[in-house]
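A.B. asks: Below is one structure. I have some questions about it.
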Amino acid sequence: MTSPVRLALLGCGTVGAEVVRLLHEQSTDLAARIGAPLEIAGIAVRRIGRDRGDLPIDPALFTTDALGLIKRDDVDVVVEVVGGIEPARGWLVEALRAGKSVVTANKALLAEDGGALHDAAVEGGGDLYYEASVAGAIPLLRPLRESLHGDRITRVTGIVNGTTNFILSAMHATGAGFAEALEEATELGYAEADPTADVEGFDAAAKAAILASLAFHTRVGAADVHREGITEVTAADVASAKAMGCTIKLLCIAARGADGQGQETVSVRVHPAMIPLTHPLASVGDAFNAVFVEAEAAGQLMFYGRGAGGAPTASAVLGDVVAVARNRLAGVRAASESAYADLPVRPMGEALTRYHISLDVADRPGVLESVAGVFARHDVSIATVRQGPAGGSAGGAGEAVLVIVTHVAPDAALAATVQELRGLDIVRSVASVLRVEGGL
Ligand SMILES: NC(=O)c1ccc[n+]([C@@H]2O[C@H](COP(=O)([O-])OP(=O)(O)OC[C@H]3O[C@@H](n4cnc5c(N)ncnc54)[C@H](OP(=O)(O)O)[C@@H]3O)[C@@H](O)[C@H]2O)c1
């Protein structure tokens with residue numbers, strides 16, 4: 001058989017340990033699929049002495065010198081499952097410039113400085129694959145960057161963070177508040193000790209940037225993504241959504257569209273939103289991920305599965321390892337980054353959205369007219385108005401709850417409407433403001 005393809009594995013934690021296990025268990029099949037065996041040349045970790053259980057690997061392969069391992073002449077492919085920006089960026093740029101192929105699961109780095117990695121890959125002539133960086137085991141990036149390259153993607157809407165989906169699903173199922181649902185997620189191992197990256201939407205924003213870059217042939221970074229987390233979502237919001245036949249999900253939305261001057265742009269955002277229970281993403285429960293892709297010729301496509309976890313993520317990593325190993329043996333490389341469209345990213349204020357607004361108001365004649373006047377002044381058209389106790393905190397004598405759903409309008413106009421409503425003396429409080437996605 002042909003001489004082995006040699007891997008440098010950077011990181012041997014949740015994902016890395018499963019990569020080692022799968023490489024061992026499936027070595028014969030993998031060799032047959034590639035046409036050469038895969039061999040681990042070394043594994044870089046932070047703590048050599050860490051107990052790694054019964055991992056089927058020679059302990060002599062562990063090193064703390066990641067850079068030294070990458071630079072070795074007998075390393076063909078670098079697999080990075082450490083995470084974070086530095087030192088990972090320096091390692092991967094070094095590897096790519098030296099002509100090695102790189103497989104990484106590092107969404108934070110790709111969203112922060114994916115351009116530097118792509119440029120280094122072009123310089124060195126190796127491959128850069130990162131299927132595991134978005135939605136774990138779900139084959140999603142390869143379909144976007146290969147299968148759909150004959151089509152024009154118009155919109156990508158996804159649930160790409162399992163922790164927040166678990167929390168919001170629990171809030172919907174039990175009526176629990178955010179803090180209670182987060183506690184349950186932590187106890188069950190779905191949330192990390194510091195859940196900030198998940199609940200504040202940073203993780204989803206990084207994935208949104210990667211998805212938008214691939215879908216729209218444009219470099220989109222984490223800083224281009226409008227981001228809101230789920231910490232402000234209340235049990236009353238969830239109850240209000242339920243009363244409307246909806247549920248609340250943390251969505252990442254990347255859409256193509258024209259601005260006021262007809263210039264084509266992209267908008268990329270992550271925020272909680274109400275979606276109707278009939279929407280395909282509404283039934284994505286627990287810690288599962290799903291991504292809904294709309295393309296002009298293909299129509300609607302849905303990708304669903306486990307978005308995290310050692311083995312599911314390692315499955316995606318190994319799929320990439322097989323692809324880059326085959327390319328090396330064939331002496332070819334995959335198509336490089338496609339960023340030719342270079343579309344401007346539209347500010348959030350210009351993104352077209354709909355709002356669901358729940359107001360506690362004075363129960364007296366003329367209130368509806370005053371409230372409707374505020375919407376009209378900002379050119380925001382009202383789709384439905386409902387009066388009732390659904391989820392609002394009002395209930396005292398002389399108070400009522402108004403639930404208003406708008407038509408699509410620029411986000412800035414909707415925000416200005418809410419701001420003005422807050423200043424009206426007939427509005428006791430703005431109980432909830434949520435964006436609405438999908439038809440109601
Ligand atoms: N976990 C998931 O479900 C999941 C899903 C999708 C993507 N990802 C991505 O996969 C990557 C790895 O995640 P993970 O959950 O496996 O992380 P993890 O369990 O924290 O493992 C990190 C590994 O990196 C090693 N490491 C840390 N700093 C290092 C340094 N300076 N030099 C050498 N090694 C170092 C650690 O060494 P020690 O073992 O000695 O501590 C550990 O083996 C991240 O980019 C993450 O975003 C993870």
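Just so you know, glycine gets a Cβ as well, placed from its N, Cα and C.
So TrEMBL lists these for the protein:
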type	residues	note
ACT_SITE	K207	active site, proton donor
BINDING	L10, G11, C12, G13, T14, V15, G16, A17	NADP(+) binding site
BINDING	K107	NADPH binding site
BINDING	E192	L-homoserine binding site
DOMAIN	356-435	domain 'ACT'
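A description of the local structural setting of each listed feature is requested, covering burial, neighbours and distances.
C.D. replies: The number of other Cβ atoms within 10 Å of the Cβ belonging to K207 (active site, proton donor), over all protein chains shown, comes to 28.
Of all the Cβ atoms in the protein chains shown, 15 others lie within 10 Å of the Cβ of T14 (NADP(+) binding site).
For the recorded site, K107 (NADPH binding site), the DSSP three-state label reads helix. The Cβ of K107 (NADPH binding site) has 26 neighbouring Cβ atoms from other residues within 10 Å, across all protein chains displayed.
For the recorded site, E192 (L-homoserine binding site), the DSSP three-state label reads coil.
Residues in the domain 'ACT' (356-435) partition by DSSP class (helix H, G, I; strand E, B; coil) as 24 helix, 32 strand, 24 coil.
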A.B. asks: Filtering G11, G13, A17, E192, K207 (recorded positions) by proximity to ligand 1: which pass a Cβ cutoff of under 6 Å to any of its atoms?
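C.D. replies: The qualifying recorded positions are G11, G13.
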A.B. asks: Among C12, G13, E192, all listed as binding-site residues, which has the most CB atoms within 10 Å of its CB?
C.D. replies: C12
A.B. asks: Report the residues of the chain - excluding L10, G11, C12, G13, T14, V15, G16, A17 - with C-beta within 8 Å of the mean position of the site's C-beta atoms, for the recorded NADP(+) site, in sequence order.
C.D. replies: L9, E18, V19, V45, V81, V82
A.B. asks: Look up C12 (NADP(+) binding site) in the DSSP assignment and reduce it to helix, strand or coil.
C.D. replies: coil
